[in-house]
Amino acid sequence: MKPVIALVGRPNVGKSTLFNRLTRSRDALVADLPGLTRDRHYGEGRVGGERPYLVVDTGGFEPVAKDGILFEMARQTRQAVEESDVIVFIVDGRNGLAPQDKSIADYLRKTGRPIFLVVNKAEGMKYTNVAADFYELGLGDPRAISAAHGDGVTEMINEALDVAYAGQPEESDEEKAQHGIKIAIVGRPNVGKSTLVNTLIGEDRVIAFDMPGTTRDSIYVDFERQGKKYTLIDTAGLRKRGKVFEAIEKFSVVKTLQSISDANVVILLLDARQDISEQDAHIAGFVVEQGRALVVGVNKWDGLDPHVRERTKSDLQRKLKFLEFAKFHFISAAEKTGIGPLMRSVDDAYKAAMSKLPTPKLTRALIEAVEFQQPRRRGPVRPKLRYAHQGGQNPPIIVIHGNALDAVTDTYKRYLENRFRETFALTGTPLRIEFRSSTNPYADKD
């Protein structure tokens, strides 16, 4: 599971600036939780090498607030701290130590989480001057950074990740071998995730084992269906009680994002009786960003008026158009209808995601696509697409070589993607296409 780094501090110390720096984007949000003024924002960490992690940006923290907006912001921050593996406590190097900093430090110490004290806005200042005040907090050596300019940020986050990953358990090869296709069932609260879980697991409720982490346990439930092995990743809050699993419908953004990253195939469950929300689209967007195979289940389809069904289908096509690669199934988890086709699509999506695409076949498909429709010229140059090979699996990556490929339009790229999908039956998985141009300065102009 990806570790979680929580950014905590009083208002205006630079938490959002650091969040944007770590996610390398001002719009890298993958999920928002509704609140009063400032919500918890979750993003994919992109600074710190190859180690994946999630970043949580919290509102300004007033730990002693008793009511109103400040109380709500404090509640949001406490929830983020509870979900985190490491806390980055940010203070303001320009304004110095504030009484609120002391209150926050007192609270954070009681959590038992690893804490990195970070002095922001330290650009152009001597470390000894910046750090002096903050030793009083008793949280070890302060780390001086400038979130706005990036100074010290990479070193700081790498140290935090060292600590976070030290607490992450590694699955043994034997444990990995026990698993079938890893499935994450994700969606908003009350869309029927726990009902679908119980329908899939049936009466057996077979092996469950915990992999202890630093702050949370991840539960995997192995089950068989029609002779095939699957492993359900706990997203609905499964907990064993006696010989039975109790499904607790408690939505956790962190749990959802971690489960998506860990899965082979994601089932995005929607409620046919509710409009598609921003939260649904955010979750779907994260699935695509992570390159995970996807099947969409539209639940509670039974008993719906035909006009409502048509309106729902139209709404899905309009709001989730970017999921055209995925199969949509209209099901009732409670009535156990549509579950068989849903699971067959899970199998197909996994097979597509893990496809091995031979270079000769890829190149032949590329040549046929170009012969049917050539890319447009850009000025005097027409892109020349020469050959293709596979660059990875889960999701499949197709690397195309040629000349002047930076002139290939997004429209033509989508055309190629659709041709490859059709040729190699790549339904249910995102598909990445990468272009690598020749550096030959004497490449032919068409």
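Every residue, even glycine, has its Cβ placed from backbone N, Cα and C.
Here Swiss-Prot flags 9-16, 57-61, 120-123 as GTP 1 binding site, drawing on sequence analysis. According to Swiss-Prot, the feature GTP 2 binding site maps to 187-194, 234-238, 299-302. Residues or ranges marked as domain 'EngA-type G 1' in Swiss-Prot: 3-168. Under the heading domain 'EngA-type G 2', Swiss-Prot lists 181-354. The domain 'KH-like' annotation in Swiss-Prot covers 355-439.
Everything Swiss-Prot records as a feature, shown here on the structure.
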residue : record             : Cβ within 10 Å
Gly9    : GTP 1 binding site : 25
Asn12   : GTP 1 binding site : 10
Lys15   : GTP 1 binding site : 27
Thr58   : GTP 1 binding site : 25
Phe61   : GTP 1 binding site : 28
Ala122  : GTP 1 binding site : 24
Gly187  : GTP 2 binding site : 26
Asn190  : GTP 2 binding site : 11
Lys193  : GTP 2 binding site : 24
Trp301  : GTP 2 binding site : 21
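Straight-line distance linking the Cα atoms of Lys193 (GTP 2 binding site) and Phe61 (GTP 1 binding site), rounded to a whole number, equals 33 Å. Under DSSP, Lys15 (GTP 1 binding site) is assigned to a helix (H, G or I) in the three-state scheme. The two recorded residues, Gly9 (GTP 1 binding site) and Asn190 (GTP 2 binding site), show a Cα separation of 33 Å.
Taking the C-alpha positions, the distance from Lys15 (GTP 1 binding site) to Trp301 (GTP 2 binding site) comes to 43 Å.
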